[in-house]
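Everything below concerns the one structure shown next.
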Ligand SMILES: Cc1ncc(COP(=O)(O)O)c(C=O)c1O
């Protein structure tokens, strides 16, 4: 018998309306199918430079050091934290969901002395609460998430950047789930380091992590320079405490993306094409226009689920534009209902983690799927699934409410 593993890949059609990954923009898929060139081919290095330029526009920064880390979003997070933090450094992590806990965990693995402050899931921090903790902890770095998809909350950052500058603290932000669909201003908000991924509002696959570093963050990393044996030259002298990871050493990665073209890793060419195309599409649309598109379709989905009679979780005034958490109605088996949506309609939505596992569904409207037809189709299908479980939904209530937003 011939194993199914030898059959051609036959991916079922799906509309990915969860918290990410989302359906990849076909233009990004096309870019990824382009042929590769050599690692130092002029086409390759030009494409890398163009990608840096495009991501400066996406992050809204003049930072020279704006490039990609090969790996999923958490590779970008690890690269930032392992390159900035030395064992024993104090770091403050304001936690308002699962991904704050991830920052805490990664910082602890770097050997940092990690301090956290927390608010209940569904809320964000007032800047004063962060300032009080900064004054108490006196950290080298504040690390926090902008949009925590586990709760759908979007932490306001402008005030926090200002606080960090005033107390001479570095500010790192995980913008994986929010960049491109929510306002983000690396320079204007005083963010020293931000990292992201492609699989949310940027409309790509996971596997590449755009990163931007302010000059003061670069200084901290340069003070820890250790170029690996075999590729180092006379100009390289070891400085400071060596960064504990070779692969995620942002000093060596900067030297690879910069004019020196240090032969560190082999750039993941197809992901470079993907990342470039994601940013190109966003910049061509206009970053503000893309944020406005996410706001519009996110609002239509929000009003749509309310129109179905469902309750929305968390502080809606601070909700990310691109995802909504809906309380699963009493008596409805959350996972079975999600499966019905997938099997009968080819539509995927998500549940959440920790205290929200099995309590909410998370429905995304992001990247390529921040579109009217995707929103209306999802609401129509969800209504049918809820009816199947005997939920007394308003007939057509979801689609009607969303269409009013579009009117
Ligand atoms: C805010 C945030 N940070 C980090 C991650 C981790 O990203 P990845 O799975 O690409 O490593 C995610 C993924 O959902 C996320 O939403």
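Glycine is treated like the rest: Cβ placed from N, Cα and C.
Since we're looking at a predicted model, the values are computed, not measured.
Under the heading domain 'Aminotransferase class V', TrEMBL lists 44-349.
Positions annotated as N6-(pyridoxal phosphate)lysine by TrEMBL: 200. According to its DSSP assignment, residue 200 (N6-(pyridoxal phosphate)lysine) is coil. Around residue 200 (N6-(pyridoxal phosphate)lysine), the C-beta neighbours below 8 angstroms that are at least 6 residues distant in the chain are 19, 20, 21, 22, 149, 176, 177, 178, 179, 180, 181, 322, 364, 366, 367.
The substrate binding site annotation in TrEMBL covers 362. A sphere of 10 angstroms centred on the C-beta of residue 362 (substrate binding site) encloses 23 other C-beta atoms.
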